[in-house]
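Copied over from Swiss-Prot:
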type	residues	note
SIGNAL	1-24	signal peptide
DOMAIN	25-214	domain 'GH16'
ACT_SITE	Glu100	active site, nucleophile
BINDING	Glu104, His117, Thr118, Asn119, Asn127, Arg128, Glu129, Asp193, Trp194, Gly198, Arg272	xyloglucan binding site
ACT_SITE	Glu104	active site, proton donor
CARBOHYD	Asn108	N-linked glycosylation site
DISULFID	Cys223-Cys234	disulfide bond
DISULFID	Cys267-Cys281	disulfide bond
Amino acid sequence: MAAFTTKQSLLLLSLLLLISLSAGSFYDNFDITWGNGRANIVESGQLLTCTLDKISGSGFQSKKEYLFGKIDMKMKLVAGNSAGTVTAYYLSSKGETWDEIDFEFLGNVTGQPYVLHTNVFTGGKGNREMQFYLWFDPTADFHTYTVLWNPLNIIFLVDGIPIRVFKNNEANGVAYPKSQPMKIYSSLWEADDWATQGGKVKTDWTNAPFSASYKSFNDVDCCSRTSLLNWVTCNANSNSWMWTTLNSNQYGQMKWVQDDYMIYNYCTDFKRFPQGLPTECNLN
């Protein structure tokens, strides 16, 4: 194999640096907010870990607020017996009428699958849960979890595959998050009163500390701000994400996920809504 020239080596170094910068440093983008040392940023800002023990969990939040965007995070979840643990990754605004977009990963006993719990809150109202099993082991390696939020819809994606869409149906009286900036939050915590098999399986603290890892954060395609008056450019030259909806191929992918891996859908829970399903269920 031919040796690299100096020019080639510099080009390769520049490319690697660009890849590193595009992934986003956790030092630059996030603050650890709780856990008393149980959350740590390592590997020169490229990896963040959250841990949970019997005393406390841990968590972090973004420095920026976002009003629409395509946000990626690679995550590797708690391995082994993770029963009773919840790894939450979500966007949320503040106040009593907050908006929120949720990924929550509910742990399970060894050999049993995680449950991916999703929800959308508008004006402080949620009750829009959809739950899934994953088609891979989320503890064996990192996988990418994406929220694409624009004026038209909110799309939840796993490794680029859409699993759920919440459309803007304001014209039909359904509230839609479009005016309240949100921060990104994530935490690892214990909720064994409900998280695993409805609370039947409790956390086995002999397996603690539990740990989840994060890397390759990407918020390049976003409208964001770092202060009330400091809005960052919304990448006007590359903002195809701002008007993205699912194409026919992506609808096919989502149908595959929902047919084969969905385990709960609020839009089919007639017992929960005896007076009639939420309006959007008949529109989406």
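The backbone N, Cα and C atoms fix where each Cβ goes, and this holds for glycine too.
Sequence features, as recorded in Swiss-Prot, placed on the structure.
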{"residue": "Glu100", "record": "active site, nucleophile", "Cβ contacts under 8 Å, 6 or more apart": "Tyr90, Leu91, Ser92, Ser93, Asn119, Val120, Phe121, Gly126, Pro177, Met182"}
{"residue": "Glu104", "record": "xyloglucan binding site", "Cβ contacts under 8 Å, 6 or more apart": "Val86, Thr87, Ala88, Tyr89, Tyr90, Leu116, His117, Thr118, Asn119"}
{"residue": "Asn108", "record": "N-linked glycosylation site", "Cβ contacts under 8 Å, 6 or more apart": "Ser82, Ala83, Tyr114, Val115, Thr196, Gln197, Val201"}
{"residue": "Asn127", "record": "xyloglucan binding site", "Cβ contacts under 8 Å, 6 or more apart": "Tyr266, Pro278"}
{"residue": "Trp194", "record": "xyloglucan binding site", "Cβ contacts under 8 Å, 6 or more apart": "none"}
{"residue": "Cys234", "record": "disulfide bond", "Cβ contacts under 8 Å, 6 or more apart": "Phe68, Cys222, Cys223, Met242"}
{"residue": "Cys267", "record": "disulfide bond", "Cβ contacts under 8 Å, 6 or more apart": "Leu277, Pro278, Glu280, Cys281, Asn284"}
Residue with minimal Cβ packing [other Cβ atoms within 10 Å] among the disulfide-bonded residues Cys223, Cys281: Cys281
Per-residue pLDDT averaged over the domain 'GH16' (25-214), given as an integer: 96
Chain-internal residues near Glu129 (xyloglucan binding site), provided their CB is under 8 angstroms and they sit 6+ positions away: His117, Thr118, Asn119, Tyr264, Tyr266
Around the Cβ of Arg272 (xyloglucan binding site), the count of other Cβ atoms that are within 10 Å: 11
Thr118 (xyloglucan binding site) CB neighbourhood, other CB atoms within 10 A: 21
